[in-house]
Structure formats: structure tokens, C-alpha cells
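Noted in TrEMBL for the protein shown:
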type	residues	note
TRANSMEM	12-34	transmembrane segment
TRANSMEM	69-91	transmembrane segment
TRANSMEM	98-115	transmembrane segment
TRANSMEM	127-146	transmembrane segment
TRANSMEM	158-177	transmembrane segment
TRANSMEM	212-229	transmembrane segment
TRANSMEM	249-268	transmembrane segment
TRANSMEM	274-294	transmembrane segment
Amino acid sequence: LWRAVAPLWKRAWSLYLVQIALSAIALAIFAGAFQITAQAEFLTKINTRQVFQNPTQALIGIPLLTHQFGYVNILPAYSVLLVCAPAAIILGLRWPRILLTLSLTLWLFTGVFRLNLPNYPNPGGWFFNPFAWQAIFVCGLLVGLSQRQGHRFFPASRVLFGLSIAVLLGVLAWKYVPGLGKYLNLQMHNLREAGVPFNLTSHDKTYLSAPRFIHILALGYFLSQLPSVTRLAGHRAASPFRLIGQHGLLIFGSGTVLALVCQTLMLAQPNAVWMPWVLPALGTAALFAIALIADVSRRILSTPATQINPAMSGTGFDKTRTSAVTP
């Protein structure tokens, strides 16, 4: 059992360490921007106000994951979910439908009773509420477990495929048809005033409101039914994106840092109209380069020294090198 649990908890610990590192880097970026520009707004952006105005409590909250900065608030929820993942996997392997029922029930009750983890020293709770977002995690987990067993958890169905298309078209209409979005939002407001739980009648992200939840499920199901998606994902042209996926945590952390740096540049130079066009392209290129460097480095470190330099064969260094990098 421990062999199955340990990798998940080890990954959760890795995410925690990355979260702390990213929090420190985020503070350094915005503090540095203030030092360079003397613009006080850098001390209040992305929820850094508490650190500079109330450092004692904020420095308690950061390692406890109760104080999170904007753009640096995704990993805490994922860490919590990974800690709970072993129990979910055991339940999902034996009673997958019970797991889904429990997950959806928790999601609903979370919105009804506003369950969340504390956000000390600020009021409120986590921006990405793990009690709500576990529903997406569990759905993905059940899909993965079913694939390993050779079947689909959400069956291939023309009815479900048609419903997914209807949902996606409805979302587009809600967003872009003039007046429709305002009308539908008003109807949801009226339902909420009539007593329907707010996570069923809003677009709230923290509690994964029903419109968002349904939209995610519909998009995932729709893409899973298209053979062209699988072919495209396996195409040679998609190899750079697969490379990025193979170094997900590194790319996530690097992308977060780049996004924060670019945000400070745009705040410092609000009239530089070229930045919104150029910076995303430069950042994307940088992420591809980081993934490529990481992949090359991993290949070199995993290659025995005798394959890198045959002259080392028989010197004793080859054995040392191999034992040092082989799990």
C-alpha cells in the first residue's frame, strides 16, 4: 500500500515546495518593481498587501498555505487533492459510482454551506476551493482508472455527444449573442433570490459553479469523442507541446514567473501598446526553450558515461556514473 501512496504524497510535497518558492519569487518580483519604479501599486497587487502591511501574520500564512498570491494559488489545491488521492483511488477502483456520488455531493454541499479552507490573515477562503474543485479531479481520476481497465467511464454515446455540442453552442451564444447573456444572468439571479443554491446559479470560480462545471465536462467529453484529436496529439507537429507536457511542473513554475515579470513590465509601462502582443510570444518561446533544455539535460544525465565518452570505459568512472543516476 505504501508503495502506491508514497509517489502521490511525494508529488504533493514537491508541489508544496514549488508553491513556497513561487511565493518568494513573486514577492521579490513585485518588491523589485517597486524599488525600480517607486509605484506603490506594486505593493498591493496580487494580494501582496498583507505581506508589506502586516508581515508577521502574512509570513505565518504563507507556509501554512492560507495566504496565497494571485497567479500563485493553484498548487495548494492540487497538493491537497494529491494527499487525498490514495483514498479516492481505492474507492474508485472498487466502487467508482459511489466515489462519483460522494464527490458530487461534497461539491453541492460545499456551495450550499460555503465550505472552504481558511485564508488567514485575510477573510474568506482559498480562491481555488479544494472541496469544490475535487469534483473535476475525481472525474478525471475515474476516466483514467477506467482507461487502465480497458473501458470508458463516460460511455461513447450519440446522446451525450449531442448534449455536449448543445452545451458548447449554448455557452458561445451566452457569451456573444447580444442581450442573451444579460437575460440569462438575470434569470440565474432570480433563481438565487428564490433560494436555489448560489453555486448552481452563478459563474463563481472559487466554488466551481454549475455553469463552469458543466462547460468543462462538455468540452472534455466533446474532445474525447473526436478521433482527429488523438491523431493530432500524436502528430509530429505536436511534439513541442508533448515536450512541454513531459515537464509540466517546471513549465508551470517557469510560466508563472514569466507571467509575473511581464505583468510588472506592463504595469510599469501602461502605454507600451506592443507589450500585449510581443510578451506572450516571447514567453511562449521561452517555455519551449526551457522544456527543450530540461529534456536534453534529462537525457544526458540518464545516459551512462561510457555512451557519452567511450574512453571512460574501464576507468571505473563508468560504474560510478551509472550507479549515481540509475534509480
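Cβ coordinates are placed from backbone N, Cα and C, and glycine is handled just like the others.
Bear in mind that TrEMBL entries carry predicted annotations, made automatically and left uncurated.
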Go through 69-91, 127-146, 212-229, 249-268, 274-294 and flag the stretch with the largest number of C-beta pairs under 8 Å relative to the transmembrane segment (158-177).
212-229
Examine the transmembrane segment (69-91) against the transmembrane segment (127-146) and state whether at least 3 Cβ pairs sit under 8 A, considering only residue pairs 6 or more apart.
yes
Within the same chain, where does the transmembrane segment (98-115) have neighbours whose Cβ lies under 8 angstroms from its own Cβ atoms, ignoring anything closer than 6 residues to its ends? I mean 6 or more beyond.
88, 91-92, 125, 129, 131-132, 134-135, 138-139, 142, 197-200, 207-209, 213
